[in-house]
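In what follows, a structure is listed as structure tokens, so that the remarks can point back to it.
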Amino acid sequence: MATVTAAAPRVALPGFLHNRAARKLVLLAVAAAVLVPLAEARWAGGSWPHALTVDLSKPLADASDWVIDNRDSHPLFLYFFGYISNAVVLFVRVVYLGLLAAGWAGVTALGALVAWRVAGVRLALGTAAAFLACGVLGMWVPTMQTLALMVVAVLASAVVGVLLGLAAGLSDRLDRALRPVLDTMQVLPAFAYLLPVVLVFGIGVPAAVLATVVYAAPPMARLTALGLRGADPEVLEAVESLGATARQRLLTARIPLARKELLLGLNQTIMMALSMAVIASVIGAGGLGDRVYQALASVDVGAALAAGIPIVLLAVVLDRVTAAAGAGEDRSAPVQWAYAGAATVVVALASRLLGRLDWPASWTLNIAEPVNRAVDWMTAHLYSGVPYIGGTADWAGHFTTWILDPVRDGLQWLPWWSVLLLVATLAWLIGTWRTALTAVLAMAAIGVLGVWEPSLDTLSQVLAAVAVTLVLGFATGIAAARSDRFERVLRPVLDVFQTMPQFVYLIPVVALFGVGRAPAVAAAVVYALPAVVRITAQGLRQVDPAALESARSLGATGRQQLWQVQLPLARRSLLLAVNQGVVLVLAVVIIGGLVGGGALGYDVAFGLAQGDLATGLVAGAAIVGLGLVLDRVTQPTERRTTEGA
Amino acid sequence: MKKPNLSRRTALIASSAAALSLLTGCGAADMTKQASPFANAQGAKTVTLSVQSWVGAQSNAAVAQYLLEHKLGYRVDTVQVDEVPAWDALSQGRVDAILEDWGHPAQEKRYVDDKKTIARAGGLGVTGHIGWYVPTYLVKQHPDITDWRNLDKYASLFRTAESGGKGQLMDGSPSYVTNDKALVNNLKLNYQVVFAGSEAAQITQIKQFAKEEKPFLTYWYAPQWLFKKVPMTEVKLPPYKEGCDADAAKVACAYPHTPLQKYLNAGFSKDGGKAAAFLKKFRWTTEDQNEVSLMIADQKLTPAEAAKKWVDSHESTWKAWLS
């Protein structure tokens, strides 16, 4: 990786310039001193100059019309997209009918037996309980629809991811080409690219599956490449000296050695696919996500929760099972798998003979009503008029007036070139000149697209939400790192909040904070907090015990240990937590367009709702740009490839 | 090491493409005529209804679904789609029917008149109207607030953190027809349009305001069940005249009264048998729709339970649809 020295002038440097950060700053200052007066002379004013924008609405509207008019006649659609779409429908249908044919008992038995073979008895019981809970909540059929969609989407993502990962793992050139693409995909809010997929494939399952694959394949690709590249060179050499061909080396050494990374990749892919399953309900994915979305429409938090809980359960079960598969060795003999398979068939046949394929309607429990009562009570009592501290509505008002407004107005008041300069400085100080360049170009692209103002509005919401998230997250993370008991209590809570579809808590945040940017920020904080807490706690716990021990022996108090040993040593993790927090917050601030967040999120929602490619796609592109900027600005030089969340 | 792998990859892609075409059959694959993978499971005839996000549309769909399932023996899938994408889905046959459309002239021309993939299926019997509304308790305090000329006088009442120094006019879902930004501009009102972003958010906020009897001004529409919970009065805008909303940027008049329409996929309309005939005859009143909507949204009955209740007590109405 090229460093700054390459670009630095080759003259004797004054002493302070030996510091890398200072050198970067001086270079930037020089560049700014030359460029800013030029820019200011040509295009004065605060906002992005109009002369530098490109109006894409006409070509985009034409493109959209062309697609709609030719979707049923043009060869591109008939012979390419049509096949993809049909194949998706076919596979999903096969899986769905298979699940229905197995009946609820068969599916539960299959899930439990797989969990038993992979991860042991405890997880098997948990899996069975989770499936039964889905039935009890009256969500059996939607759960199966989501499961069918997930199976196909995860398989497709895994295949695509492994292929890309193999390419990047074996060829340096492809690695260089793919890495920025994968990095970008990782930070893309899912909401941003639903629109183009819908335009081509129409509302429905194919569009949902493809959007999910685009979202869920990158982690698989990254981790596959990482696993292949991380293989022990000595082992490879040994294999080579035995005269193995390239293919044999790949199949017998490199891939088996990368098993752990591959399974971790699968785990991440499943998690991302599941979270996408809900967002994709906006484009007709059906299943659980659709139930959540429909419940949202009638302001029915209880019903949304009833559909959200199966998603959480599926996520937790799948996460634990795949994680166990990654951690443990493959310990089961094929015979036992055969037993498990036979047991499933027996159960499925038995339930079929008994005529109990469908989940019995009388075995369901209605949780919607009590949940709604609780939510009503909470919002009624917290909304306003709480003595001394004021209600949540008052807080939201103050937060908007005293924090969101000044930050937004400040950002929009800044001259456009100074925003670019600020981005460049931050990105370069934390990362390399490459990351800085990407960030600046992405920010400039936002200006060129003509959405400078709304983007800065969104940015202000992101900044405010990140600040709140980090304060709360670091505090909780530190507490969790210092107390085992607290962490044990916290873990299931974090699990739930991390996997609970964001749509479920959009309504309660409105009930608490009113319509506007404040609820968007609140939802973002709720969503990003678990990841930040987790990475912080993990980072602090990984601090070398010897360092702590020596600090203690020197008589450092608990507070001194924390501030002077643990936190500095965990700096990498903390930076990663910031990075993750920023990316997650952005994703939800965009969805916050649905609760009055306005700005880019509203534009994307508007584009989706009105089929307006010009508004939606430009906003989507701006979100991508913003995501890149935020990621690069917070990205430490050597990024840790395994995301903690 | 690179080369063999790449060729392997190509081979893999080629073979998987071949497998794909084998699986799906050769020749053209028109994905615009393709049903949902969840449809027709276990040998039942399936009708897919589009449900828009507002509760009135849920009521139409719930009653239609109940009758189709229990009286005609169909299996019904519902999909929640926004209005404009729903037209697209209807034209492709992803859904079979839209039961409540508030007027989309551009889509109507494209799909019904030009491409002929969508067929008209008559009126729903309900007339829709969009307007600006204030809560009735506010009208009691300030009777002259229902004229748009007086709105500026009361702008300070409607101020919120989101609207800055101006009054707040709350708009709802991005999918709804709205001229409000242009209206505020052209009528030179001291108001800021704040988009709630979804109807759910808007309703939640209105309820919170109403609980404390706080003033608010909102974009709203009738028929809507919320009027029963939060009585609201319309603010009179300059009257609607045919064509006064032709240029979206220059609109300075009220919204029209729209008879809501039903649309079917053209193929379904022709070959849909009893289900299509039933959906064409489906026609009820604003009161009927509100009755079901209120059960769903306020008493939190599931749409199916609400539909059952209504069906049980209105036999003469729906008997006519089945004949």
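Cβ atoms are placed via backbone N, Cα and C, with glycine included.
As recorded in TrEMBL:
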type	residues	note
TRANSMEM	A:83-116	transmembrane segment
TRANSMEM	A:123-141	transmembrane segment
DOMAIN	A:143-322	domain 'ABC transmembrane type-1'
TRANSMEM	A:191-217	transmembrane segment
TRANSMEM	A:269-288	transmembrane segment
TRANSMEM	A:295-317	transmembrane segment
TRANSMEM	A:337-355	transmembrane segment
TRANSMEM	A:413-430	transmembrane segment
TRANSMEM	A:436-455	transmembrane segment
DOMAIN	A:455-634	domain 'ABC transmembrane type-1'
TRANSMEM	A:462-483	transmembrane segment
TRANSMEM	A:503-529	transmembrane segment
TRANSMEM	A:581-601	transmembrane segment
TRANSMEM	A:613-630	transmembrane segment
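Using the rule of three or more Cβ pairs under 8 Å, pairs at least 6 apart in sequence, the transmembrane segment (A:295-317) is in contact with the transmembrane segment (A:269-288). Same-chain neighbours of the transmembrane segment (A:83-116): 123-128, 130-132, 135, 140, 144-145, 147-149, 151-152, 201, 205-206, 209-210, 317, 321, 340-341, 343-345, 347-348, 350-352, 356-359, counting only residues six or more beyond its ends whose CB sits under 8 Å from a CB of the stretch. Remote same-chain residues near the transmembrane segment (A:123-141) are listed as 104, 107-109, 111-116, 288, 291, 306-307, 309-310, 313-314, 316-317, 320-321, 324, 358-359, 363-367 (criterion: CB distance under 8 Å, separation of at least six residues from the stretch ends). At the 8 Å Cβ threshold, with sequence separation of at least 6, the transmembrane segment (A:581-601) comes into contact with the transmembrane segment (A:462-483) through 3 or more pairs.
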